[in-house]
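> Got a structure here, written out as structure tokens. Questions coming.
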Amino acid sequence: MKWASFLMLPLVFTIAAAANIPLLYVGVPMAAALSVTHGFLPPHPGPTAIATIFHADMGKTLLFGTILAIPTVILAGPVYARFLKGIDKPIPEGLYSAKTFTEEEMPGFGVSVWTSLVPVILMAMRAIAEMILPKGHAFLPVAEFLGDPVMATLIAVLIAMFTFGLNRGRSMDQINDTLVSSIKIIAMMLLIIGGGGAFKQVLVDSGVDKYIASMMHETNVSPLLMAWSIAAVLRIALGSATVAAITAGGIAAPLIATTGVSPELMVIAVGSGSVIFSHVNDPGFWLFKEYFNLTIGETIKSWSMLETIISVCGLIGCLLLGMVV
């Protein structure tokens, strides 16, 4: 989700500035859509990994996930954003330029779109290759290397240096000045996000997940609610949605055989639980805070509550679908 946010944020800033509306009024729906995809829908790595653990049908998982995703995005996005209009923060300095460019200064539409989509194309290529190619295939390491988020973003920057720089008659000194100023703007944000990730890893390595697993196995509740609860507790304790989802998937897998519950709904239940209440041990929390220029309290009110709405809506949707599936 973090890498998708990096790609979408310039568009959010532009829309908010052009329409003269609060930044969160645009940012919250964007974040809701990305977070729902992160938790509910294959081929995102989290739901895909859980579906593999549960031996769930990928097509049914995508169908059920889409059915639940639409109302969830509406509630957590545009509807909840209306309650946040009072939080009207300026766009962080340096992340948006109000300069008006002439037609001669701007690259063509096709070049602009293609350059922006390079990281998306490379990461999608990796996801597709991992799904359709057998292990050991010669192209798989190439796809994994090029589709790594860091490498895909680096390749996009190098291409942009040509398409938006050298190809437009700019010198390497001018391009270098642009790159340096960009790094200065986001350097502190990257350090804060990295610190949050390090704190998350400390919790993972401490074995908190094993303690939570043993505690949850002693509870006798609905398998969907159990799976959601395990993922939710792990998410709050560890910070990483993907780690919480995969760990909860391994813990909850025996419930499918013993209860006969739909494995596809179990995938969505675990995915829903894994996105609940992002807070200070989640790098995404700090990314949202810094990019939207919020205080910690405002970030909890917006980002953390948005994630919780998505999680609870996913659970309720799973329980309702479970009555008819």
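For all residues, glycine too, the Cβ spot is worked out from N, Cα and C.
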> In TrEMBL, which of 32-52, 179-199 is tagged transmembrane segment?
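Among 32-52, 179-199, the range TrEMBL annotates as transmembrane segment is 179-199.
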> If I go by TrEMBL, the feature transmembrane segment sits on one of 88-108, 109-129. Which?
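The listed stretch tagged transmembrane segment in TrEMBL is 109-129.
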> Who are the long-range neighbours of the transmembrane segment (149-167) in its own chain, taking Cβ under 8 Å and residues 6 or more past its ends?
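For the transmembrane segment (149-167), the list is 3, 6, 107, 111, 114-116, 118-119, 122-123, 174-175, 178-179.
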> Residues sitting near the transmembrane segment (300-324): Cβ under 8 Å, six or more positions beyond its termini, same chain?
24, 28, 31-32, 35-36, 39-40, 64, 67-68, 71-72, 75-76, 80, 84, 87, 222, 224-225, 228, 232, 261-262, 265, 268-269, 271-273, 275-279, 284-285, 288-289, 292, 294
> Same chain only, please: residues at least 6 beyond the ends of the transmembrane segment (255-280) with a C-beta under 8 Å from a C-beta of the stretch. Say none if there are none.
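Residues 35, 38-40, 46-47, 50-51, 54-57, 60-61, 64-65, 68, 196, 199, 223-232, 234-236, 239, 241-242, 244-245, 248-249, 286, 296, 300, 303-304, 307-308, 310-315, 317-318, 321-322, 325 contact the transmembrane segment (255-280) from elsewhere in the chain.
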> Please indicate, using numbers and ranges, the residues of the same chain that are 6 or more beyond the transmembrane segment (62-81) and have a C-beta under 8 Å from a C-beta there.
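For the transmembrane segment (62-81), the nonlocal Cβ contacts are 24-25, 28-33, 35-37, 40-42, 47, 264-265, 267-268, 271, 305-306, 309-310, 313-314, 317-318, 321, 325.
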